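Peer 1: In case it helps, TrEMBL gives these features for our protein:
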| type | residues | note |
| --- | --- | --- |
| DOMAIN | 94-257 | domain 'Aminopeptidase N-like N-terminal' |
| DOMAIN | 291-518 | domain 'Peptidase M1 membrane alanine aminopeptidase' |
| BINDING | 363, 367, 386 | Zn(2+) binding site |
| ACT_SITE | 364 | active site, proton acceptor |
| SITE | 452 | site 'Transition state stabilizer' |
| DOMAIN | 593-919 | domain 'ERAP1-like C-terminal' |
């Protein structure tokens, strides 16, 4: 099959990996044909878990015991087909590799990672190495197993030579191709995504984070193209028709951080230090890389100061790719991004796009030290890498944009978001057992909301109670001690504990004793404060209080840091809740109100006695600004979720929204809209829907009019960053709930654009809201216009807005057609298909359509079309978000049973969470529907009487 595919004109790549240190013997791998899609998975003594087998043969790298030194040579040969306007037509990489390793224990087995590679032949080997008896490919673990006639000698260095071919597919994994069109010419970028387990799809290697190597890269490529990799390059001629780009040796690094790119992109650069932003020529010429270039230098400066360690490399390349699975990837020295996340056009991009760009750049550049310079030993502690980068991304972005108050937004974007997942029994601890994360799909499953957002929230809490200077001191010591090597999570606690002692910080327990319950058991507590007695207690918070949870060695108890205030008086020192319950007599409030978890620095929810809730409501009603801004958002979010857990009444939760008619700040409004969205999902197909819409419209109308006046009848945008966000909330919510003035405004703007497509009168900030409103109210003409603008969009962020808005249509035929486009990558890129399907599912007119589509197409998507490019976990959670009836639960159970044999890969946990959520939703609707209907109806009745 491979030979047949390569018969058409290909971009062929010769990949040679050579060891650079002296060796005594050579093991040679002769002609074998193994692919990731053929052959039987043999059960044999060597078919152990990757952790076991690797430790037996090579062990994982510790200090300098084992060093891989690798050289790569890429030789692209470009051809074109007659009649096809393209420099690149298709791709068939072939290569030779030499991998050097040191044998630590005598063995007659060699295991090396390999996936979707065909092995062909090699040169002769040395005489003193044992001969190869047989070879296997273990499909599940993606190991090439080589059985020898004799044993390798402990302490001896060996080289393993191999020759192989592969396919440069469009699967967004390993060494892959990305296509785009520019000036009518179809072009291809040969690019890479090695993370987390795809280096093995590019060349055979020891593909584990602890197996660090030094890479010597040479790329041979045609004139007119540029070759990029992790380090700086020297270019010379190689014959008449080719260029040779030789890169400096990389730092010692993990295989997943390797990057290889060949394209005809250009860049915008900064001369004082080699910072370059790469993208399509048209994008760079239009200035879309300027903002990224302007913030990269300050962010690197911030992290050099924050870590107290200089930037480890001599250059910083960042590149925007037309096709990319993740939002971005922290390849050391060559960071890759989706175009929407790196490119910014002030004429068409919103301030949300701008914030996304600066925070994602900060996230990726944070990894240059934490993750790349120092790397976690195994994937069971992904959270420490990704959670840390997520947390400090707010700090780096805040340094670059100090007027935006970005550090506060972590509460909405990470803390509140992950609370919803971590309150399920199907959640999981931040750190998993090492031997439970073995297969590639299990590794991929670790990159979830828990790892990113809970990790960020818990580290923010840790930095807060240690103080930022102490946290930074321990962090810098940790990074210096483990530079260019690997660690486990407990190593960080040791260095932070040393910083605590050096600074005489008073803590109730050692750092590891405080942090282990937050890291090694799932979930979080709800802290209940009884202001009549001063009693403070903690309990594992679960959305379904009747559910059973797995046993925890920490009994679901935590050491909880409590910042609190009484009336307007913030208590200076942290009060620690160290047991299941304790008494703080100062929290007895009398006629005052008490507020705990100030600025939500702690990872927990807070409940109060009813008397305190009433006093908080009175304060919100009389002068809400006395309560800190972040805590106004917290009160709404906590109350709604406490009600779902049956700890307070649903009516109490809804009452937190009454004061919103006086609120103009973004965070409380966003918190309320996030929580009311759950009511919308559960009840928008019932008789509750219209009274709920009427109530929300009543509450948002003053906000809509506030921004109308603030912007002089929409003639400009507010100056404050979060005011711009809340203006979008006002327009989106007012239009969605049927405010006539808003709907007329959006229709007028969209009609003006349709009449003069070259001039869009809608401000970029408001386009998402206006596009959705206009498409929802319109018909085929509006939808077709939106589709045409999407296909012709030259700025990725504008295309993304249109892509989402097209799912807002109320026309089921249009939505059905839109879903079908996700199966055709020429209509919708594979990287965008997941978001289109879930956007249609978010539309109540498209819910059933998307679920039916997913069920019919699942096998094709999961086993063929979507492999490597679809987020199946997002698909499952997005399409099932509205499930709240016994019939939908049964359909989900039938779906799971039908595909049980194939399994759900990286979506396995998402399926479990969908089942649990659906069962909880059914209970919630049964228990709360009438109460919610009565409350909304009573509020509308009062309005009509007024």
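Quick reminder: no glycine exception, Cβ is built from N, Cα and C everywhere.
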Peer 1: Write out, in the order they occur in the sequence, the residues of the chain not among 363, 367, 386 that have a C-beta within 8 Å of the mean position of the C-beta atoms of the recorded Zn(2+) site.
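Peer 2: Sorted by sequence, the hits are 330, 364, 366, 370, 371, 385, 388, 389, 390, 393.
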Peer 1: Let's check the environment of residue 367 (Zn(2+) binding site): how many other CB atoms sit within 10 Å of its CB?
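Peer 2: That number is 25.
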Peer 1: Round to the nearest Å and give the CA-to-CA distance linking residue 452 (site 'Transition state stabilizer') with the residue listed as 'active site, proton acceptor'.
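Peer 2: Distance (Cα to Cα, whole Å): 13 Å.
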Peer 1: If I take the alpha carbons of residue 386 (Zn(2+) binding site) and the residue listed as 'active site, proton acceptor', what is the distance between them in whole Å?
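Peer 2: With the alpha carbons as reference points, the distance is 10 Å.
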Peer 1: With an 8 Å cut-off on Cβ-Cβ distance and a minimum sequence separation of at least 6, pull the same-chain contacts of residue 364 (active site, proton acceptor), or say none.
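Peer 2: Once residues fewer than 6 apart are set aside, residue 364 (active site, proton acceptor) is near 318, 328, 329, 330, 335, 337, 389.
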Peer 1: Please determine which of the recorded positions listed here (363, 386, 452) has the lowest count of neighbouring CB atoms within 10 Å.
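Peer 2: Relative to the other recorded positions in 363, 386, 452, 452 has the fewest Cβ atoms within 10 Å.
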